[in-house]
């Protein structure tokens, strides 16, 4: 399982690196002004669906039903189930897309109410949103294709597809922009082009895997109804982080120009470990848990979840500490070029520190939610998720004026920790989660090592190291941070070298390194 997670994570890391290249170009060309705000609002709905469907929520509804059908009934019924879901989604999403494009001004009134005060900004956001909206149709179908591939153990193609999102936008930016005024439009067209390319790639991957899907007339079969019943709750339960970020966009539109943009860039940096670790582990954990629960292997399911939690926290806790300690050098080095000023970088860095506080929680949600979905329980994550969204909204309204963008980011992080606490408590009560001594001991040691590393990084920011050119100083800080955490963590037993080596070897050895339940 962990080896497959590393495969998914490697492709996701490649996508995130290209995403940074994309965002560096956007920041240099648009900065953090009205045009950037308009584009990022136009990108919010496509991004919401891309992350919800592409990072596990659709799989949470589809994979358990598909794998059960494949195991109990065979290849042909499983393929028919996938084809039925495809047909239903094609029709529903086409209607949704048409309505969205017709009533886009009303959609933008809900998504960015503050834009109405600036007619030119609002008009640009409506225009760009109409261009990007067809991407929703394409990416949801891509998620279905990816779900079939993942359920059959083909993780690489589905994980590689998001790279095309960034390649397409970067390509469109160079080919179509012409002049500065057309940059937002070029970016919007790049989003749609990426959907077409991803759709073609995943469709070809299905054919190569021997499971091509034919387009049928929509049929509400019992299997399809089961998937659809789980899909809505699954989207809310597994996608609370993205729903909260959408709430952040709504509130940010009511604050001064550039707030939407600086929050976007802060979230982008925070999303690197979140996407690489959370999405990767969540993608491969759900099929594993589904198999264990279907066979009544409760101890094995608990062990798999414990090792996934341990591995995730080993990466996210020091990552969060580092983002909080050196957020300003990161934002300046990555984005403070062209139209993106030092002041914009400082605003983004402050928001990044607040988002980093919730980084481990954002990842843990992606690991605890599959524990419910694998057992067929979609209601519990939904109830908790809706409570977390309500808490985030309430905190946003309280903190938006005194803390500006920092208050918005901090609200999201607090809501994420609330979500994790409730999921863990209820999953433990139902027997799906039993933290063992090894997990508890390791987490305590990881926290200590992460705190020590953060103190070291803050101290280093006051040394001559920071007089080096920006990129060299940042590389030095990151290198020393990794080295410091490694030495301290190894010294106090936060991890073992043999286990890390095991992750990088053959799948069987990698799984064995983290699948043990004993401490």
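Cβ from N, Cα, C; glycine included.
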Segment assigned the feature transmembrane segment in TrEMBL (from 291-310, 311-330): 311-330
From 208-231, 472-495, the residue range that TrEMBL assigns the feature transmembrane segment: 472-495
What parts of the chain pack near the transmembrane segment (245-266), using Cβ distances under 8 Å and only residues at least 6 beyond its ends? 23, 27, 30-34, 36-37, 40-41, 44, 48, 110-115, 331, 335, 344, 347-349, 351-352, 355, 389, 392-393, 396-397, 400, 404-405, 408-409, 411-412
Are there at least 3 C-beta pairs under 8 angstroms linking the transmembrane segment (187-207) and the transmembrane segment (311-330), leaving out pairs fewer than 6 apart in sequence? no
Report the listed stretch (87-108, 187-207, 350-369, 439-460) having the maximum count of Cβ pairs within less than 8 Å of the transmembrane segment (406-427). 350-369
